[in-house]
Each structure stands twice: as C-alpha cells, then as structure tokens.
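Here's the structure, in structure tokens; my notes come after.
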Amino acid sequence: MRPGSSEQAPSNRTRAVKACKRCNQKRIKCDAFECGTPCSKCRQSNSEECVLIQSRRGTHPRKRSKPNPPASEVTAASVGVDADRSADATATPAVSEATAHPPLSDPNPADGSPLLQQAGQSVRVDSQAPATVPNGFPVSASTSSSTDLASPEAAFSETSAKSYREISWAAMFDHFLDGRRRDQKDTIDKCSITYLGESFPLAMVLEEFKEGGRPRLHHAGPPLTDDEARAEPTSENHPSHMLPEDIAFLQAKDAFVAPSQELLDALIANFLDRVWPIYPVVNRQEFLQQYKAKKVPWILLHALCFISATFCPLAILHRAGFTGRKQARVSYYRKAKALFDTGYESNKITILQSVIVLTCWGGGPNNYWNFYSWISTGVTIAEALGIHRSTAGANMHPHDRSLLKRLWWILVIRDASCGTLVGRPFRINTNHADTEMLTVEDFEYDIQSPDFVNHPLRDVCGLYQIHMSKLSLILREIISTRFDPNRAQARMANLHDTLQEWHNALPPTLRCSENDKASNPFATCLAILYDHHLILSHLGRPATGATSTTTDNGSLGGGFPSRPITEVAAQRISSLACTFTRKNESLVMPHEVFQGLFVAQAVFYAQMKSPQPLVSQLGFQALNSCQMVWHDIYEAWDPAPWISKLFDNLIGNRNQDIESNEGDRQNSNVSGNGAPSIGNGMDLDGINGYVSWQNHPTLGFFDMSQGEETFPSSTDYAMFPNYFGTTEPISFLS
C-alpha cells in the first residue's frame, strides 16, 4: 500500500514496502521507505548502518507459472542413478516404491494398533502421478529458489540461504535484549534454541541474565513468520535454499516418494506400537497431529519407515513387495541418507530425531557411515542445541523439555552400547554434561495419548528408560575402569557393588527371573544387560571367592563358592535369549540386548578351552544354542551376520582339529608347542599381536590364529557387519 492511502482504509493493517536490515531482523515496523534512511528506529538507537534489504517479494515462481514435469520424466530421471554406496554391496537392489508395492490386504497389521482410526485419511498411494497428489506428501514440486548467486553474500543471505531462517548473533542478541527492556521472557521453542556455553566470550555480555543463580545458557531466537513457516520442507514447495540439481538428485533417489497409503499406515502403526516405547524420539501426540496433517518432514518419514521395517513382522514387508527385511531397510535408509547429505531439512530437532533413528544402521565394509558415525553426528547436533546441559530453568514448555531430555539420554544409551560393542571410545563426554536424569513426569504427556492408553507397556516404558539410562552410566564406568589406558585401579573393586545397588533399586515390574513366564521385554533386556555388565566387570579377575548363588530376583548373592561369576551370568543370558527367541519376541527387544548375547558367547568360547572335556563340551553346546538367536535376527540387527559367521568359523576350526587328532585325543589336552588348547585338542597360540582385539572387552576372548586368511591384518573386523557371506540368509521369522 502506498503512503497516504492508509487514511482511506484505517482498519486494515499495512505492511511496509521495504524495511532496513536492522528492523527486518528485529521484526519491527520500519519507516525507511517513507522517510528515508536512517529510519526513525535507527536514529533512536544511534545506529549508522541503516540499509534497505533486497526484497524478494514477488520474485518466487508461482505454482501454476511453471508446469510440473510429467511423471514419465521423473521416472526417467531415476534411471541410471548410482545406488547409495553406503548400502551393503550385497544387498538386493531396492524396488521403487512407486511401482513395487501392491495394496496390502490387511490395513492394520501391527497388532491392532489404533493408529489408523486416529490418523484418518492418509497419504495417497504413490502410483498416482506426482503432479496430481493434493495436500499430501509432496512427491514432486517446484523449487522456489531465486537466489542471486552473483556474490557469496547473496548466496548465503539470511533470507534466502535457509528454509528455516539462520539466526545471526546480532539478531539473537537484539531479540532478547528488547524482551528484557519490555520485561518480557519469551518461551523457548525447541526448534529455535541458541546455546551459549560459559566459556563463550559473548556469554560474558549476558552476565546479568541468570536463572536461579546460574548463567542462562539457552536463549530463544526470533520467531518464525507466517511466510517462513510456509516455506518448511513439508509444504508443496521445496526449501528455497535447495538448488535445482539437488532436487533432481533427490527425485532420482525417490526421496519424495512416500510408501503407499496402507503400507505407510502399517509402518507408522508399528513404529508407535513397538519402536516408540524403546526409542521415544518424538512427542507422540505432536507426531500424530503432524501425521494426520501430512506434515511429517521427509527425512523423518523415511527414517521412521527404516526403523519400523527393522522391527515389524516380515509379512508386512512381503505384502508390500519387498523380498526381505534387508531390502526394505536399505531402501528407506538410502532416502533418508540422501536427504541428510543434501541438507534438505534445516530443523535441527527433526535432523537429530532422524539421526538417532539411523544409529540402528550398521554400515558396510567400504563406508564410514555406520552406527558409530551416526552417533557422532547426533552428539554434535545435540551439543550445538545445548541439550547436554540442564534446561530446568529455561522458559520452555514441559513436554518440549521432556523431549529434549529423552533425546539426550537415548544418545547416551546408544553411545555406551555401540562403543562397547566395537571397543571404541565413547563420543559423549559426561563430564561436560549436567542434563537431569529422566523422571516419570517426562513421559506423562505422551502416555496420555489416546492411542497409547491400552498399550501393555504403558506403565513400564518410562521406568525402563530411566533405569536403562542409569545402567548406561555404569557401563561407561566399567569400560573406563577396566579397559581405558589410564584406568583407575582403585575403583575396580566397587564395580560389582555399584551394579548390585542398581539392581536392588529396580521396581518389581522390571525384575526378571528365569522362571517368570510373564516378564515383559524391558525386564528381560535389563536382566541380560545386568549380566553383561557383570561379565565385563569381572573379566580377567581371579575366580577365588566368586559365588554363583542366584537369588529369586535374579541377582548374584553370597553363598557357596562355585563357578566364576562370568560363567553364571553367561548361562543366564543364554537362557533368557533362547526364551524370548522361542516365544518369537526377538523383534520387540531393544537392540542393546544383543550385545549381552555376544559377550556370553565369548565366555562360552573361553569354556571350550578348558582341559576338562565335560566343561569344554558344555561351553560348545551353549555357544551353539546362541547361534540360533543370530539366525532369528539375521536381517534386523546388522552385526548379527558377522557375529554368527565368526563363531561358525571358530566352531568349524575346532571340529576339524578334533577330527585330525582323533587318534590321540586322550593324551592331547596340551599341544606339542606348549600353547593352551580347547579341551579336546585345538591348538591356540594367542592373537599374534592384534592389540586392538586384545584390549576389546568382548573380542579379547577370541583366538584368531586359525583365521588369518579370513581376517587380513588390515581389516577392521568390528565395523564390517556384512563381510561374512553374500548369500541370502534363511529367515525363521513369521
């Protein structure tokens, strides 16, 4: 509206034709276009830099100004595109979901989950032409990128370089300083947190901003405007910072192709039913609202489909056109990874949620993107947001604060578990973190969701996260005390007592007994991990005085000296693992539970070295029983194939040695070279200098002298989950 016309329509709010850069950043009205520069606001603040911004209003291509490409062109663009090199080279090529998924006969296969009744009408099937999908997930859309790339400043300007506006330090400071002058304390949006650590020099300027006597670390950035909110990646237009060639690349990757309606409903229902109680990475009610409104960001959508395909019944994936679980996981992982690599999503919370989910990707032998690198990325994002620090005094919605705490502690759990599995340093430095421990209140908002009221794990999922978080801290202490180069020997004697105190504090609903047939999967998981930690805390320690008396609640109590604690704990792990496999509950168990089975097999392999034939045979039988569990989760947990193949090779070598020494079995408990043997004659000569394996808490058990051709000296065994074998495994899952 031109100057002077406001008198004709005084009731209508007008917007300035142009504003100066300072007023635009502070989101206040500017009269620079009417009165000239400097504007009145800049004159009041004695600011000499009053420059009009370059308005992009009216420069965006409109929806109908540029015809959408035919569906055949989009399909043709995907032909010849290289598969994601991060996927396993032996994986079956992923089938394009736009043509491979026939309608599911069962619209609600995920154990009666009420999601479909809650979500209402979902997305269209992707066999429909991309240009005709109305108000759904945007299969194909125009790119609203009109950025002038003539100069670096234009290419990375605040208003055009990001769909979710990048907040400059000056804009952030001006925002809350103005709020301070107005005696206003803005509510911090979880998606616009600016974190300033105490050692940051700029934080000294804000010394008077304290919360409960502590320096204020979390600050709210300028809020999003309506125009910026409409530019989110979930709208029909792609983010303005995306270049056309990047969009073409993502289209070739089918990154903007959603699963068919019924498959998507089934996968999301399975996520909410099975995965969310284990990894509560979203606010349940908030996510359901996004899903019903078809506004789930693309990267989060594919990440959740990936994790759901990991835990869902195999029948769902077969009816969707996939040949196996591995093919489905690779397909969704590639799409999420492509969106991550191109920087399509700018919302850091959404990226963090997706990255945490992708930590369940094991990776391949020729790629550094694996669970370890995804955890590292997640920690970097989390620390940039400041969620490793206490938000108790921050002005934040309680359910947002609870979500940030959950995200942090899931990262702590995953970091401790995965780092221990492969014998690598933890990515999180807990000395720099003071986030409060989870409480039951952090789950109240989500368990009140109507779709979760009757869930069988409703009352224990929050308790599991709390006690699992505490147990992960104990695991970190065990690893640092027993295996770090600068380990503290003084704390070693207290590890067992610390574990016992944790176990005694468990509520009855999370206690598990071998004879308890009604145990929930969380109780089973904690019992296995408790024994796993016991084994790690007693490795290499003398068995003198060790006891094996097992109390009714599953803990190891005092009693008569018997077998070492490690053997007792390994037997309990094997028993519990075989029980949940026999009950077909492998796909509802947290992934952290399987590392317990791995270390138990290492103990059984050590038993096979016993000079006593009976003990050696018992160790072999227990180890062989554990192999059945790996076959059950062969495609669901990426380390399962190489762990299974590893022990198959060790058992095969042992059997060959027994056959070759059949004639003198009675006299060959010790081989001719004086090296130890496995009870019935297998020669062992150590690990031949593999220092990394010797120091590994689990792999240090193994003797690799029989496998020098299979395991070259330059191989990083732990990070090669698909190294062993290329044939399609036999699945025993229904």
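Each Cβ is built from the backbone N, Cα and C atoms, and glycine gets one as well.
Between the stretches 214-238, 689-713, TrEMBL puts its region 'Disordered' entry on 214-238. Among the residue ranges 547-568, 657-678, the one that TrEMBL annotates as region 'Disordered' is 657-678. Residue counts for the domain 'Zn(2)-C6 fungal-type' (19-52) by DSSP state, with H, G and I taken as helix and E and B as strand, are 15 helix, 2 strand, 17 coil.
Looking only at the domain 'Zn(2)-C6 fungal-type' (19-52), the predicted model's pLDDT averages out at 81.
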